[in-house]
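Asker: Okay, here's the structure, questions in a sec.
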Amino acid sequence: MPRWAIYTIFAVIVLLFLVCIIWVFVKYCCKSKKKRKNNPDHQINLQGVTGSTTTSLLTVGIKQATALPAMDLGGTSDPYVKVYITPNKSKTFETKVYRKTLNPIFNEHFTFEIDKAELNESTLVMKVFDFDRFSKHDIIGELRLQLGTIDWNHVIEEWKNLSEPSKSEDIILGEICFSLRYVPTSSKLTVVILEAKNLKSMDLGGSSDPYVKVQLALDKKKWKRKKTSVKKCTQNPYFNESFTFVVSFEQIQRLQLVISVWDHDKFTRNDAIGKIFLGCDATGNQQRHWADMLSNPRKPVAQWHNLFSSEQVDSILELKHSVRIPFINKNF
């Protein structure tokens with residue numbers, strides 16, 4: 001067979017192959033377009049979407065404050081804002097601290113999940129504090145909004161005057177001072193429980209027998225725990241007890257440090273006075289203390305903290321018990 005005939009046959013085969021591919025492609029596209037036109041499921045109709053839920057998301061934006069009173073000797077303040085909802089005070093948020101200013105600009109937003117049935121009975125509370133590392137934070141003022149009176153069809157953005165803080169709501173559980181020190185090279189975390197003051201009275205005699213538990217949680221699971229000695233009949237105990245844990249740098253990024261104060265009782269169950277936690281999920285003052293420790297390796301960083309109720313802290317942490325598998329030594 002001559003060479004030109006071979007080339008001709010090869011060209012015809014290639015041409016037929018291309019024609020078949022084009023025919024299949026055109027047929028598939030036409031079929032898809034026809035199906036898309038006839039299929040009503042591809043039309044999105046929001047009017048047909050119905051549903052109900054018992055909870056709502058409330059977003060609170062803290063924009064700025066102006067003309068705050070000076071709380072420090074230098075004629076200025078270190079303000080921050082604490083935000084929560086009463087009476088179900090299950091979650092508390094705090095803004096960053098703004099140093100040496102009476103006109104802070106925050107621009108921070110916080111989201112609460114609230115049951116619709118509780119809206120009319122709930123109050124949004126915003127408290128402005130002056131930060132102090134080594135003493136109790138002074139409250140500058142507060143703002144309270146009754147959620148039942150708010151028009152939820154519009155975004156509210158307005159100025160409000162701060163008022164005197166309410167004293168009837170807050171239950172004083174006490175304060176605790178401790179220092180943190182982390183050395184990355186040796187993977188050692190040192191917690192020094194220094195002292196506590198103004199602890200809530202738990203005994204009939206108007207006092208308490210306090211001690212402190214120091215607990216580490218890794219990935220939301222209880223991990224390591226130590227405790228101080230018991231101090232008898234005092235609401236202002238001085239401990240100065242040090243505890244060291246081996247924690248790698250990779251683990252410190254996923255760690256939570258839980259500090260809890262307890263009232264010791266010989267004959268009944270020990271009662272929790274208050275609790276606080278620091279670490280990867282902490283906010284506000286607790287987050288600042290943890291960040292200061294990480295940014296100052298090998299240097300002890302001490303700070304006072306207000307205690308919260310155990311229920312409030314536990315609801316945020318949701319710690320799980322660590323699973324321990326027993327090891328059985330068998331000789332074969």
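Backbone N, Cα and C atoms are what each Cβ position is placed from, and that goes for glycine too.
Any TrEMBL annotation is an automated prediction that lacks curation.
Below are the features listed in TrEMBL for this protein:
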TRANSMEM  6-26  transmembrane segment
DOMAIN    38-160  domain 'C2'
DOMAIN    172-305  domain 'C2'
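Give me the lay of the land around each of these features.
Answerer: Mean predicted confidence for the domain 'C2' (38-160): the pLDDT average there is 80.
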Asker: Provide the three-state DSSP residue tally for the domain 'C2' (38-160): helix first, then strand, then coil.
Answerer: 16 helix, 49 strand, 58 coil
